[in-house]
Amino acid sequence: MSTAGISDEASASAFTTAGYCPQLIKGIDSVLIIGSGGLSIGQAGEFDYSGSQAIKALKETGKRTILINPNIATNQTSYSLADEVYFLPVTPEFITHVIKRERPDGILLTFGGQTGLNCGVALQRAGTLEKYGVTVLGTPISVLETTEDRELFARALKEINMPIAESVACSTVEDAVAAANDIGYPVIVRSAYALGGLGSGFADDDLQLRQLCAQSLALSPQVLVEKSLKGWKEIEYEVVRDRVGNCITVCNMENFDPLGIHTGDSIVLAPSQTLSDEEFHMLRTAAIEIIRHLGVVGECNVQYALQPDGLAFKVIEVNARLSRSSALASKATGYPLAYTAAKIALGYTLPELPNPVTKSTVANFEPSLDYIVAKVPRWDLSKFQHVDKTIGSAMKSVGEVMAIGRNFEEAFQKAFRQVDPSLLGFQGSDEFADLDEALQFPTDRRWLAVGEALMNRGYSVERVHELTKIDRFFLHKCMNIVRMQKQLETLGSINRLDEVLLRKAKKLGFCDKQIARAISDDLSELDIRALRKSFGILPFVKRIDTMAAEVPAVTNYLYVTYNAVKDDVTFGDNGIMVLGSGVYRIGSSVEFDWCAVNTVQALRKEGHKTIMINYNPETVSTDFDEVDRLYFEELSFERVMDIYEAECASGCVISMGGQQPQNIASQLYEQGANILGTSPEDIDKAEDRHKFSTILDTLGLDQPRWSELKSLSEVKHFLDDVGYPVLVRPSYVLSGAAMSTVYNSEDLEGVFESAVAVSPEHPVVISKFIEGAQELDIDAVAYKGSLLVHAISEHVENAGVHSGDATLVLPPQSLKEEEKTRLKQLAAQVAAAWNITGPFNMQIIKTAEGGHTCLKIIECNIRASRSFPFVSKVLGVNFVEIAVKAFLGGDLVPPSCDLMARSYNYVATKCPQFSFTRLPGADPFLGVEMASVGEVAAFGSNALESYWVALQGLMSFCVPLPPSGILLGGDLSKEHLGRVAALLAPHGFTLLALSEATCEYLSRYLPAESSVTVLQMPETGREVRALFEQHNVQCVVNLAARRASSPIDPDYRIRRSAIDFAVPLFNEPQTTMLFARALSAYLPAELEMRQSDGPETPSYVLPWREYLGFKPT
């Protein structure tokens, strides 16, 4: 364990010295923390974790904390953390308004990702921080600018003779081409001030470079053209430095994939596995030298390219802020990086800070690991049409998992099961028509291609290495798994599986189901489980303590392994187990982490010991100090049951982690686990589409006409009766996976096959799709079938857009009192019919039939939904806390309360955040399968105001200003496009169309003095970009009636071009109308504010507390 870099001055003042008083930065009583905004690809839940840690650290030191973050789903915007929360856009303008109102003494910029950092730089350049006397805490802005500006960065590293890739900073396409010709192809292009490699990529010639730079420079003011080092090893070091120069390296990590794939899309191992001692210390020394020379104060990430067969290395980049890698390093080592960085920002030095894990060592001890951590990314590219599935220097993954084991094989296999529960471990797939190509040109299925080559196609380690450039060490480790798999396959019968072989397989990370499947199709995982237990083969529980057990630890940060001889902990507390959400993916994100964290907090408040199981390094729920016992483990039946039995748990909460815990509820229940809340038998009656619809019919509750889909011939009989369009829905899926709206017979067969494939063990239901219906969400909590509390949110979009992609308004603005009463009755009837105890969510459509309003139930999930944080925070009532009291029962159960009967003088709107910019080729068209990756929300005095503020919190939006161009197109058979144009025309925008037919259509809606300029449809991407630039297009409205069937579809090309060139896109009629109304209402004030030197703070810039009228507790 190393204490290198500690000065004499600092080490004399260790935190244990009696009477010692740290020399903190003076005059800092209140601190503004900049959040990262809505989750997106490249900037996800890791900033909720780091921001929450920072707030804890500041409050512990007695500082008043003010947070600005529109992401209402986060833990950091919870009741119990910051003193003041502003649900406002993270932009320089809104941050300025908050600074004027709150007058903070200090500001933290490095806990809000790239968004927060960019805002800080903009505020400094505008003179705002100096004007209001706000001190930047931690790393100075000049240092942040140096690390973000590629030219300044290169110059700084050359000052200390640190090797970097030869590079040239460019601000035009022609400059980039000239630079590449000087450097020599292949080159990599990197964008300045960009997140997750956005706008970066490789180019082998001038044509590729021009196409890449055209897009990159639309997203960033500067690009760096540098010599490609594709194929070198990629190594990362997490470094911490305090104000007096003490430095430690907290963790070093090695990418399984060679350089060329963004680290966020790479499999990562910690600690590094293939470095020699010389290489390790060479890079460690360089990292410390870099961070000292730059002057970073706090946490920093240094990325290297290392020559595979020599000691040459190049510095790729430095992130002088908390990042995705720092969250991983923090969870991998147990060292609280964000907490420590926040303390350092206040002026503490490393020797003055205790290690909160051991409580007996100081923070300047470098962590030591006696285990291996594997991080594997999760992609959801299959949800998108026409998307480019190759992976490279621009990040595309939506989440990641972290697995812990005592050897590579154990951690590696765990990680793959965590990424996708349908997988058994390291395995192949027969999907690759050209396996060599799949290995050489990586996609999101890369590791399956490696598994197929080694496990099923007989490729040698050398051949796979030549095609992939993956280090031979890793491939030989994979071969250990392959050999065990082959050995198991030869057995043929469980009777031939002896104790020695079974134990060896478990030590290599094989799960029970994987072993059963290898031996015989007739075996189940329960067969292997019974045999394993009869042999006494049980996993051991080990502790992560940052010190490799050299120093006793007081926390319970745990993992499970078969590579041990004893447990590190004792059992018998009979705690309540809470299952987390697992990997972030489209449909399951930070919302469920909020639910899980609030569950354990509510349980602890009632005096119960808590056990959390989760494996997501980006989450607050996997923070060591949130629960009594944290297991960084799989959410599989096998692992959950192992822990449940070892801990002698008194109960298990499966309804707060989204769909994944729900999917194993029945297995846990059948094996004797005490499931708190609704019985899994009743849950199954809601998850199974056939059972659900049958019960609704029995109760006489209205729903769209439906039938169980068993064969295409039966479907056609149903269609003869109800007609198109219809909705096809599988059971037990999340975020509308494989759900489709079918408009014609040509699409039906493919949709049918996809739905059956995604949920083969459960029925698929087909129902009549009712066009033009309004969709409503009900979030509720019940106790033994009686409704306790509910909230009704309105969708802005009509039914047909997944609820996770919908814009929600709460309280509802267009519902009549009798409709709200009927909705409450429906919720109460469902709660009673399914005997619900705990959370549930319903989706209902409102439609007119025969002159009457009809409310039809379309779905019910007996678990917390992704809108639980939204309704809890908007209404000021914690739905999760009420659900926990329902779980516990007795006198704790609160009386029923009708929140929808109350009067509210504010409205909140939640908007989805998409990451189409990150997904080249993906059609940004909304449908019944979810596509958004995050959300933002805002409060206002009315729905229009709250929507206008929320909209500005989206990364993809900037306010279009007249006389800029707005390009209009799409479905001309309905009036939506014309009504939008009529609202926009009076404000001086230049209205553009790409056909005479569109122009003629629009003329019917526009006043005589308005005109539409008709442009010719561009044929190439370069021509589209030229058109956008020439006509200053700042907004695209494309209301196509259907998703594009082909990439040559004109509407698709325009939608995709808007995304590629960072132009706001509106493509859903109701949302577009709301946008047009909001722009008409607030544009005059926006223009006036932009022209004013000291604009007045808008009335909607208020803290959450003032909207509610009380401070939530």
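One is the number of the first residue shown, and numbering goes on along the chain from there.
Cβ atoms here come from the backbone N, Cα and C positions, even for glycine.
In Swiss-Prot this protein carries:
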- R150, R190, G196, G197, K227, L229, E234, G260, I261, H262, Q303, E317: ATP 1 binding site (BINDING)
- 154-346: domain 'ATP-grasp 1' (DOMAIN)
- E317, N319: Mg(2+) 2 binding site (BINDING)
- 569-955: region 'Carbamoyl phosphate synthetic domain' (REGION)
- 693-888: domain 'ATP-grasp 2' (DOMAIN)
- E859, N861: Mg(2+) 4 binding site (BINDING)
- 957-1113: domain 'MGS-like' (DOMAIN)
Neighbouring CB atoms within 10 angstroms of the CB of R150 (ATP 1 binding site), all protein chains considered, total 23
In the structure shown, with every protein chain counted, which of the binding-site residues E234, E317, E859 has the densest set of Cβ atoms within 10 angstroms of its Cβ? E234
Taking 10 A as the limit, how many CB atoms besides its own sit near the CB of N319 (Mg(2+) 2 binding site)? 24
Ranked by how many other Cβ atoms lie within 10 Å of their Cβ, the binding-site residues K227, I261, Q303, N861 are led by I261
How long is the line from the C-alpha of I261 (ATP 1 binding site) to the C-alpha of N319 (Mg(2+) 2 binding site), rounded to the nearest angstrom? 17
Please state whether DSSP places I261 (ATP 1 binding site) in a helix, a strand or coil. coil
Integer Å distance between the CA atoms belonging to Q303 (ATP 1 binding site) and N319 (Mg(2+) 2 binding site): 9
Cα-to-Cα gap, K227 (ATP 1 binding site) vs N861 (Mg(2+) 4 binding site), nearest whole Å: 52
Between E859 (Mg(2+) 4 binding site) and Q303 (ATP 1 binding site), what is the CA-CA distance rounded to a whole number of Å? 47
Could you state the CA-to-CA distance between N861 (Mg(2+) 4 binding site) and E234 (ATP 1 binding site) to the nearest Å? 43
